[in-house]
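Chemist: Below you'll find the structure I mean.
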Amino acid sequence: MKVVLMGPPGAGKGTQARKISEKYGIPQLSTGDMLRAAVAAGSEVGLRAKAAMESGSLVTDEIVLGIIQDRTDEADCDQGYLLDGFPRTLAQAEGLDAMLAKRNQSIDVVIDIKVEDEPLVARITGRSSCEKCGEGYHDSFKPSAQPNVCDKCSGTLKRRADDNADTVRNRLEVYHKQTAPLIGYYDAKGLLKEVDGMQEMGKVLEDLCAILG
């Protein structure tokens, strides 16, 4: 089972990907984690990625696809895997399909977690976390007992600098521009499924599992 999980920033992709990974026994593959692991391991493609990052260049699609190819060759991917946040562009989707086609493989399903922009802005801008223990909080959904103080360890709660409304709206605009062609691409292949990400997290997971079987 080879799954692509899509959704805008703050839609809860990472959380749902972890739960799916645990339930189905397939690894969650995020490009950031794979990139860091490849650089740390000093693999050929990892060294190319490191050189690009150190020179201030973008890590190319070719390098990212090389990292995904190496990672999906590992034994824990034999029964499948879940790609979290990749591909992000049509070129990446086409590159991924071409890479898999060389192995006589293909993506089985693409799930898009749909969330409306303004509720998502409220969801993201309300987030904070403890500087000391990392516990997460939210102004509306999980407020701390005392403002800006962690319930667990009494550490100070901080917000990410990029979790302000203007930055979030810009990130969402970029996401929609990049991924709109992807929706059509995967829909035309009959691979696209959609889940309402505005629901309670347990219900979102239930709907995801209903698709995955």
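Every residue, even glycine, has its Cβ placed from backbone N, Cα and C.
According to Swiss-Prot, the protein has these features:
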{"type": "BINDING", "residues": "Gly10, Ala11, Gly12, Lys13, Gly14, Thr15, Arg127, Gln199", "note": "ATP binding site"}
{"type": "REGION", "residues": "30-59", "note": "region 'NMP'"}
{"type": "BINDING", "residues": "Thr31, Arg36, Ser57, Leu58, Val59, Gly85, Phe86, Pro87, Arg88, Gln92, Arg160, Arg171", "note": "AMP binding site"}
{"type": "REGION", "residues": "126-163", "note": "region 'LID'"}
{"type": "BINDING", "residues": "Cys130, Cys133, Cys150, Cys153", "note": "Zn(2+) binding site"}
Chemist: What kind of secondary structure is Cys130 (Zn(2+) binding site) part of, going by DSSP in three states?
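Modeler: The residue in question, Cys130 (Zn(2+) binding site), is strand (DSSP, three-state).
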Chemist: What are the non-local neighbours of Arg127 (ATP binding site), defined as same-chain residues 6+ apart in sequence with CB under 8 A from its CB?
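Modeler: For Arg127 (ATP binding site), the qualifying residues are Gly136, Tyr137, His138, Arg159, Arg160, Asp163.
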Chemist: Would you find the one among the binding-site residues Gly10, Gly12, Gly14 whose Cβ has the most company, meaning other Cβ atoms within 10 Å?
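Modeler: That would be Gly10, with the most Cβ atoms nearby.
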Chemist: Excluding Cys130, Cys133, Cys150, Cys153, which residues of the same chain place their Cβ within 8 Å of the centroid of the Cβ atoms of the recorded Zn(2+) site?
Modeler: Glu131, Lys132, Gly134, Glu135, Asp151, Lys152, Ser154, Gly155
Chemist: Going by Cα-Cα distance, which of the binding-site residues (Ala11, Gly12, Gly14, Thr15) sits nearest to Ser57 (AMP binding site)?
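Modeler: Considering only the listed binding-site residues, the nearest one is Gly14.
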Chemist: Just how spread out is the AMP site if you go by the largest Cα to Cα distance in Å among Thr31, Arg36, Ser57, Leu58, Val59, Gly85, Phe86, Pro87, Arg88, Gln92, Arg160, Arg171?
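Modeler: Looking at Thr31, Arg36, Ser57, Leu58, Val59, Gly85, Phe86, Pro87, Arg88, Gln92, Arg160, Arg171 as a set, their Cα atoms extend up to 29 Å apart.
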Chemist: Of all the binding-site residues given, Val59, Cys150, which has the fewest Cβ neighbours within 10 Å once its own Cβ is left out?
Modeler: Val59
Chemist: Within the region 'NMP' (30-59), how many residues are helix, strand or coil going by DSSP?
Modeler: 22 helix, 1 strand, 7 coil
Chemist: Determine the most Cβ-crowded residue among the binding-site residues Thr15, Thr31, Ser57, Gln199, using a 10 Å radius around each Cβ and all protein chains in the structure.
Modeler: Thr31
Chemist: To which of the binding-site residues Ala11, Cys130, Cys153 does the lowest count of other Cβ atoms within 10 Å belong?
Modeler: Cys153
Chemist: Counting Cβ atoms within 10 Å of each candidate's own Cβ, which of the binding-site residues Lys13, Arg88, Arg160 comes out highest?
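Modeler: Output for this query is Lys13.
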Chemist: By CA distance, which of the binding-site residues (Gly12, Gly14, Gln199) lies nearest to Phe86 (AMP binding site)?
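Modeler: Smallest Cα separation from Phe86 (AMP binding site) among Gly12, Gly14, Gln199: Gly14.
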Chemist: In whole Å, note down how far the CA of Cys130 (Zn(2+) binding site) lies from the CA of Gly14 (ATP binding site).
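Modeler: For Gly14 (ATP binding site) versus Cys130 (Zn(2+) binding site), the Cα atoms are 19 Å apart.
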